[in-house]
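Copied from TrEMBL, the annotated features are:
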- 6-27: transmembrane segment (TRANSMEM)
- 34-51: transmembrane segment (TRANSMEM)
- 71-93: transmembrane segment (TRANSMEM)
- 105-127: transmembrane segment (TRANSMEM)
- 147-170: transmembrane segment (TRANSMEM)
- 182-200: transmembrane segment (TRANSMEM)
Amino acid sequence: MAIGLGISFLGTLPLGTLNISAMQLAVSESVKRALLFALGVALVEITYVRFSLKGVDWIMSHQQAFRVMEWITVAVFLLLGINSLIVAGRAAAGSKNIILNSKMPRFLLGMFMSAINPAQIPFWFLWSSYLMSVGLLKSSTLQFNLYTLGIGLGTCTALLLFIYGGRWIVGRLQTSQRTINLVVGLVFVLSAFIQLYRILKHLTS
């Protein structure tokens, strides 16, 4: 469980769409809603981990679905990023970006944003394969359950740092909502272009 927790925790720390969204929800709405978002993210991630543990055969048999999901990810991230940048450029106070304007319950929003990132499956498949090859992860129901639980806890713990740490930073620096929207927008747009690069690289390889 500790291994899964550590890998998931460290993997969630780099600035990305999920942790920056959790931070924005904590700052602009409430910690409770941000926590619900984080739980939704973790639930989908551990589901993806379960798929990864089923092996490469499942992954290879669903390659077309993954290609479609990758294009959907690019479109959604671009939409979220451009919307956040537009909102950041408006003079009107209190303008909200598309994430905060969404009527979707924050738990479901976390599930949705985590679900459109199918790259988690090959990521966890590679890590799981490595851990099994060196004997740190045994092919048993108990070990798989503890490993999956650790991953969920690691994701939630890392997101907690952004939720509470983000509120503390914003409070100390008195960062404006406009600045937050600008950062969120740039992260989403950058993530969209990175995903697009990966798709095009795969097509040309």
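Heads up, the Cβ atoms here are built off N, Cα and C, so glycines get one too.
Outside the transmembrane segment (34-51) by six or more residues, the chain places 4, 8, 18, 21-23, 25-26, 58-59, 105-115, 118, 120-121, 124, 128, 144, 147-149, 151-152, 155-156, 159-160, 163 with a CB less than 8 A from a CB of the stretch. Of the candidate ranges 6-27, 105-127, 147-170, 182-200, 182-200 has the most C-beta pairs within less than 8 angstroms of the transmembrane segment (71-93). Sequence-distant neighbours of the transmembrane segment (147-170) (same chain, 6+ residues past either end, Cβ-Cβ under 8 Å): 1-13, 18-20, 22-27, 31, 34-35, 38-39, 41-43, 45-46, 49-50, 53, 124, 128, 131, 137, 180. Panel annotation: around the transmembrane segment (182-200), residues 15-17, 20-21, 24, 67, 70-71, 73-74, 77-78, 80-85, 87-88, 97, 99, 119 of the same chain, lying at least six beyond its termini, place a Cβ under 8 Å from a Cβ of the stretch.
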